[in-house]
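Peer 1: From Swiss-Prot, here are the annotated features:
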{"type": "ACT_SITE", "residues": "ASP98", "note": "active site"}
{"type": "ACT_SITE", "residues": "ASP100", "note": "active site"}
{"type": "ACT_SITE", "residues": "ASP312", "note": "active site"}
Amino acid sequence: MDSRTTRYLKSCFQKHYKTAEIGLPDHLPNREWAFIFYDDMPEKMMHRHKSFGSPGEALDYLYGMAPAHVYNSTAYYEYPDARKMNEKNWLGAELIFDLDADHLPNAPRNYADMLELVKKETLKLMDFLLDDFGFSEQDIELVFSGGRGYHFHITSPKVLTLGSSERREIVNYLSGRDIDFKYFFREVSMDGDFGTGSKSFKGIKNLPVKCTLVGYDSGWGKRVALYLTDYMKAECGKKYKKDMFPELRRHEKVGDTTIKKLINITNSENGLKDILERGRLDFGVRNFKEIAAYFMQESMENFLNRFGASVDEPVTADIKRLIRVPGSLHGGSGMLVKKLALCELEKFNPLNDAVVFGERPVKITVSKPFSVQLKGKDLRIEEGIQEVPEYAAVYLICRGVAEYGYRRNQPDAV
């Protein structure tokens with residue numbers, strides 16, 4: 001990036017910071033701040049150990065310096081501006097989850113598709129936070145990173161003093177990688193009527209036993225119930241009976257009688273509903289506990305891809321992490337680091353809603369062809385001298401494929 005381009009970007013960012021609504025963290029004087037400046041480019045030198053005593057001081061600094069990247073600590077410190085970490089005196093830290101396309105298997109290369117995939121993972125994580133962990137919406141701050149993902153900040157006092165090992169355990173739970181499916185399928189002694197109707201399970205010896213799905217109404221148990229019933233519906237939707245339940249047929253205790261009973265359960269009026277809403281598995285299928293656990297174990301990869309949440313473990317485990325500040329700009333894209341209400345996520349489109357610059361025409365010199373979707377437009381930019389809207393110019397320059405203004409010995413705009 002040449003000096004003229006640097007000056008242009010700084011002026012654009014300064015214009016933003018003049019009126020931007022910056023999401024300053026609570027306990028502002030206890031937060032460390034860090035910055036990367038365009039003047040240091042192409043080196044990404046981080047300037048850290050900075051603190052601010054008041055909102056006005058922080059906002060004046062952002063406007064005056066117009067940094068490329070802005071971070072604050074997720075931790076609270078007694079002395080946030082101390083030069084050595086062991087001198088800061090750690091007081092606690094928010095629980096952070098980072099979802100980024102870099103950490104998703106088989107993430108698409110197309111930026112729009114990549115962001116859509118990350119959004120799906122983010123919605124899954126939101127379900128864990130609200131349902132499994134029971135956090136209130138007031139405890140959760142959701143932020144689009146301005147790049148390729150989202151950040152969750154959990155600010156509940158219950159999590160502030162968690163250490164790295166406890167935070168890693170949370171990541172393990174989210175991933176589901178330590179699940180033992182035998183836990184969910186239990187044979188319990190029963191007292192009461194057989195079949196439908198109310199029952200009380202007392203664990204009394206020598207009573208009849210039945211198979212039930214533990215935790216069917218919440219958490220991983222709910223996900224197991226949904227996966228199992230969806231599988232049964234999909235298999236019974238096949239045209240030929242011989243093609244149904246191929247995974248189960250590989251089990252030595254599954255024969256035609258078992259397959260027939262599974263088909264009857266699926267096609268009955270309340271069979272699948274009883275699994276989802278009551279955890280009922282007492283359908284007269286011999287060895288159902290063993291068969292169900294076998295199927296889930298064989299389907300582990302697909303099950304976890306569908307329901308597990310892929311978060312960046314080092315970020316969550318780090319109790320002294322720096323993270324992007326809501327309302328700032330991402331220096332690698334020029335897009336807004338945007339705070340969202342949880343209800344806004346599903347309809348949020350970063351390629352429109354996080355683009356802050358306008359339509360003013362700007363001349364740039366493009367070093368290689370580049371395609372991107374911004375503001376509802378498919379932009380295909382050819383190499384050479386081009387005139388594009390300012391929002392596209394900022395994005396292309398931040399991505400490193402363009403310089404501001406004309407360059408000699410370049411082809412004219414097409």
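In case you wondered, yes, glycine gets a Cβ from its N, Cα and C as well.
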Peer 1: Can you tell me how far the Cα of ASP100 (active site) sits from the Cα of ASP312 (active site), in Å?
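Peer 2: Answer for this pair: 8 Å between alpha carbons.
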Peer 1: Using DSSP reduced to three states, classify ASP100 (active site) as helix, strand or coil.
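Peer 2: Note: ASP100 (active site) is in a strand by DSSP.
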Peer 1: Could you tell me the C-alpha distance between ASP312 (active site) and ASP98 (active site) in angstrom, no decimals?
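Peer 2: A Cα-Cα distance of 6 Å.
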Peer 1: How would DSSP class ASP312 (active site) in three states?
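Peer 2: Note: ASP312 (active site) is coil by DSSP, not helix or strand.
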Peer 1: For the active-site residues listed here, ASP98, ASP312, which shows the highest count of neighbouring CB atoms within 10 A?
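Peer 2: By the 10 Å Cβ neighbour count, ASP98 comes out on top.
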